[in-house]
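Enquirer: Pulled the feature table from TrEMBL, pasting it below:
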DOMAIN    153-598  domain 'Major facilitator superfamily (MFS) profile'
REGION    1-62  region 'Disordered'
REGION    94-129  region 'Disordered'
TRANSMEM  153-172  transmembrane segment
TRANSMEM  184-207  transmembrane segment
TRANSMEM  219-236  transmembrane segment
TRANSMEM  277-302  transmembrane segment
TRANSMEM  308-327  transmembrane segment
TRANSMEM  389-406  transmembrane segment
TRANSMEM  418-442  transmembrane segment
TRANSMEM  488-510  transmembrane segment
TRANSMEM  516-540  transmembrane segment
TRANSMEM  552-570  transmembrane segment
TRANSMEM  576-599  transmembrane segment
Amino acid sequence: MSNPTPTRPEMAYHPQGSAPEYPQQQAYEKLEERPTRPKISFAPNTRQPSSTSTTNNRDSRLSLDGGWVLARRSRIPSKAWNRQSIQIFADFHDFDSPRGSRSQRAAERDDDDDDPMPSGHTRNSSISSIASLDKDLPEPPYHIFTLAKKKQLVYIVSLAGLFSPLSSNIYFPALNQISADLKVSVSLVSLTITVYMIVQGIAPSFWGPFSDTIGRRPVFVGTFLVYLAANVGLAFSNNFVALMVFRGIQAAGSAATISIGAGVIGDITTARERGGLIGIFGGIRMMGQSVGPVFGGIITQYLGFRAIFWFLFGLGALTLGLIVLLLPETLRSIAGNGTVRLTGFQRPLLYSFQEQPEVLKESESDTPKRKVTWSSLVSPMRFLFEKDVFVSLFFGSIVYTVWSMVTSTTTDLFETRFHLNNLMVGLAFLPNGAGCVAGSYLTGYLMDYDYRTVEAQYRKEHGIPDDVKLDKKSADGFPIEKSRLRNIWWIVLIFIIATAVYGFSLNLNILAIPLILQFFIAYSATAVFSLNSALVIDLYPGASASATAVNNLMRCSVGAAGVAIAQPIINAIGAGFTFFMLALITGVLSPLLVVEWYFGEQWRMERVARLKRQKEIKAARDALEETSVTVLEKVTIDALPDKYPADVKGMENKL
């Protein structure tokens, strides 16, 4: 039987009673569009197209003029196919299941969205007029907040992020007093620093995925409530075990503020403007490195070490109030690009007294929401198995470890060598803190300059006009790695030289020299941290909080090990050789940055392509499961165009 060539896509179907006697069949194939309709027969019990034109009722023939075909099993008693059970989709993305379209379902499972903007599906010829209209429409902004509004939010989350380094460093000048009060050794009290760093690394890996799923505001509030409770417990601790336990809880509450703050920045900024705002974020946050030991020294000297925790409790309660009052929900699956009306706890308290500005949508965001699952909590760990991410994070963790070993041993070294009291020890941390602030702020501006420079070169090489946005290129062809690592070589060189001579400078008995070297160590280390943080967010903009949490996990885990062995090594071989050895290790590992420079983009593109294939296959499988159709016959077609075989055959083999 033959049909005349149709003027539109159509399908030959089985009349009542002529269907094959198989339970539930389904065939998906993408055919090359041709001037005349191809005639394809699918014979039962075979994986290849049949070339026969038999009219045997046991044959199942599907004829189509391009497009994806879904043949659903009829549920009528005769078990036959009918016209209503057959649908043609010119694009597989248009396939609708009871739970939404394929593109919507695929986006909902996109936990690793490498593109900060949600992607649409390809338009087909049957809706070419709509596609033409869509191309004429301007692309919506990544976020509608003005730069001033974005800075306001960055200042709020930066103040929240201040508590992680502040809670760690305000503790250092009090180590000797705590040792005397609790009647334990200084080495044992130093273990509380190690515990703090371990929990500081682990906790964001739990809070980060939650903030990427249920929102930034509820997780911010939850972490601060934990933090406030821990400080009350620390203030009343009268033995070492209680101090250790509540110190860990304090870290669990404060450490996550960094990853959540990075998530907020990722929600509202593009790669082009992200560098400067991350510089502000890091600069304010790193002020804890500067003022923390000073406050700790003053409070310990005049009020005792327990007053430190009451001070942190009061400051934390004030910051929590600012978050509740001023910080709106920014997670894009909830707030979109700022145009979605917020409701309930998503709204800052300020919106109760004034209308939310610039609301364009009353409904939910177009970005699909994600559910909190065990997979969403552990999935960020897979970032460590990506070559480009691991190389960047590992080198950053080495720099962080060396800097932490310098900081954690300052109290004992300076008290021993220069006979300083608690107040003077606290003041001795000022150069270290000033270097952290300077490194973060200046590196933010440097990142913006480097990004614009690389962007200009990229536009020139590819003939891209200036009015075309390149934000999405951070996950595709734009060399984002080179824009972030362009000036890191001289920053690392400063770090290596300053660390190498720092330990020997203590033997000169001139306090100014090690203080100056601490400034340069802190400046260069913080610059590396800022570059690392920006690059990780660029690599995973859709899961910025989770990616930052993994960054924090690796740094703090390696750093905790370094802090634990720092004092024993110094006691064994001396401060001079200890820090010279650490500088040598950093220098040996610095070629990892060269590897990232030359191979990072290639590794990223391979990952993007691999994840895209995996998501398409998973979406196709889930679409089949949702329509309760089982694939028993899988057919391969050799006549597919060159751009289709890999994807189609990949789905065929894995469905």
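Keep in mind that glycine also has a Cβ here, set from the backbone N, Cα and C atoms.
A description of the local structural setting of each listed feature is requested, covering burial, neighbours and distances.
Expert: Confidence for the domain 'Major facilitator superfamily (MFS) profile' (153-598), expressed as mean pLDDT, is 85.
Within the chain, the transmembrane segment (219-236) has long-range Cβ neighbours (under 8 A, six or more residues past its boundaries) at 160, 163, 167, 207, 210-211, 242-243, 245-247, 249-250, 252-254, 256-257, 260, 306, 309-310, 312-313, 316-317, 319-320, 323-324, 327.
Through the fold, the transmembrane segment (418-442) approaches residues 165, 169, 172-174, 176-177, 279-283, 285-298, 300-301, 406-407, 410-411, 509, 511, 515-516, 518-527, 529-530 of its own chain, all at least 6 residues removed from its boundaries and within a Cβ separation under 8 Å.
Under 8 Å from some Cβ of the transmembrane segment (488-510) lie the Cβ atoms of residues 399, 402, 406, 413, 417-418, 443, 517-518, 520-521, 523-525, 527-528, 531, 574-580, 582-584, 586-587, 590, 593, all in the same chain and six or more residues away from its ends.
Long-range Cβ contacts of the transmembrane segment (552-570) within its own chain (Cβ-Cβ under 8 Å, at least 6 residues beyond either end) map to 187, 190-191, 193-194, 197-198, 200-202, 204-205, 255, 258-259, 384, 393-394, 396-398, 400-402, 404-405, 408-409, 412-413, 529, 578.
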Enquirer: If you count Cβ pairs under 8 Å, which stretch among 308-327, 389-406, 576-599 touches the transmembrane segment (516-540) the most?
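Expert: Comparing 308-327, 389-406, 576-599 against the transmembrane segment (516-540), the winner is 389-406.
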